[in-house]
Amino acid sequence: MGTLSVNQNKLQKRLRRLAGEAVADFNMIEEGDKVMVCLSGGKDSYTLLDVLMHFQKVAPIRFDIVAVNMDQKQPGFPEHVLPAYLKELGVEYHIVEKDTHSVVKELIPEGKTTCSLCSRLRRGTLYTFADQIGATKMALGHHRDDIIETFFLNMFFNGALKAMPPKLRADDGRNVVIRPLAYCHEKDIQAYSDLKQFPIIPCNLCGSQENLQRQVVKDMLLDWERKTPGRTESIFRALQNVQPSQLADRKLFDFSQLRIDETAASRFVNVVNI
């Protein structure tokens, strides 16, 4: 890729700035970290690797990057694409081979959504591999839109106010997941991916299925944004401004102990003298 135009340069700077803010806000990367960057072959993970490699050059701290892709043995998966790309970049990488495709096809009936099971199997394998190579952080390519969509998916279908945190300690306690693109917009990532001409690998197992719940939510949010620009930005800010006393979760707030504060100043108003 040659010299960037003014708009292309602004796009690159915006992505790097927003990712840098997220990394700083949540203390995602520290001195001496070994960051395992999970690559799927999609636009998000390519952009993530690109941004983190830039940070590695300019950040005031030292950290290592290891790129990891999981070959799930999907039919037609172009095994040569990622190794060739990563060799050209000169970044350390590993290809983890595990046939989760057969497991998913065996357990999920034809026509049903495979994404959830596929994701769980992939996550477990990557957690194990991160532990094996001594990675201190596992970087995923989820962005701002993913986080908002996940919030609504959990609310609509799981009855929970839960999204994707920018930083998370896994249930096993041995892995810390970071999402440096948490503040970045999907449209910017798509534009940057097109600009950089990343060798995109489509997901033939789940990405082509129609009527997935996530796509329904995505379409809903796009429609909201068209009708009321700025609504999704407000939703994202709300995820950073939680007020437990204004909800109804007794595990987060002890409503049972609420009493009148006898020491509080009186709010009596003398109506006669007004």
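Positions of Cβ are set from backbone N, Cα and C atoms, glycine also.
Residues or ranges marked as motif 'PP-loop motif' in Swiss-Prot: 40-45. Across all of the motif 'PP-loop motif' (40-45), the predicted model scores a mean pLDDT of 95.
The feature [4Fe-4S] cluster binding site is assigned by Swiss-Prot to C115, C118, C206, with sequence analysis given as support.
Each residue of the motif 'PP-loop motif' (40-45) gets a DSSP state, and the totals for helix, strand and coil are 3 helix, 0 strand, 3 coil.
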